[in-house]
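As recorded in Swiss-Prot:
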ACT_SITE  70  active site, acyl-thioester intermediate
ACT_SITE  110  active site, proton acceptor
ACT_SITE  127  active site
């Protein structure tokens, strides 16, 4: 069954052109990132993310108006772009952002897209699923050049066995992840997503995270801590309790929390997390 592009365009409020060009690619990345939130509520509640078919992803992110994590966002975007005539390859990445230099090598639990189209002159990277630091523009697969986006600049650097993606965060180049351009079959991504959504030590199982992007800000939620990052600085807000967290997920991040089931069960699970979060006794 083909993906329902009309439903997807309605979900992201897109009314523009659909021919496979760089302008259309930029527009889709922009509106997708501003409309469909990043969230990990399914893994948090013990629901594996192991069906990455176009039907399953469209059902959750489009029809049920939920968000998702990288395998869902980039999975859906890849299907959409392929339907529009782009050539899409799926890559795997190893997230190293905020890791200590001597930390153990992490598994490849991230995915991104390599996209080409008539006249592209090369490959563009598309990643609408990196949560709080999602690139808001397609990036040329070209090392060394600083590439502006609708938010902060990014750049790619060579590594012996591939590339690293870096972002300018607080006036410092920070490495987000390492990747190669080896095309990954769907089964590899399914296994990685199952691991990320079920392993007891996975951050998606042990903690709550959500993110959404606006024209001038990045809104990131980690547990009860809400951060609003703008060019002029960061505003930090500590939410009072689980009820406030659920309200924020619904009202600020646009997540259809009613789709998840009993609100009480979600609040109970979040309460468990907040009790373990540093500074849990502080309002």
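Glycine too: its Cβ is placed from the backbone N, Cα and C atoms.
In the three-state DSSP scheme, residue 110 (active site, proton acceptor) is classed as strand. Around the Cβ of the residue listed as 'active site, acyl-thioester intermediate', 27 further Cβ atoms fall within 10 Å across all displayed protein chains. A C-beta separation below 8 Å, combined with a sequence spacing of at least six in one chain, links residue 110 (active site, proton acceptor) to 70, 92, 93, 94, 95, 129, 130, 177, 179. In the three-state DSSP assignment, the secondary structure recorded for residue 127 (active site) is coil. Within the same chain, residues at least six positions away from the residue listed as 'active site' with a Cβ under 8 Å of its Cβ are 70, 74, 112, 113, 134, 135, 165.
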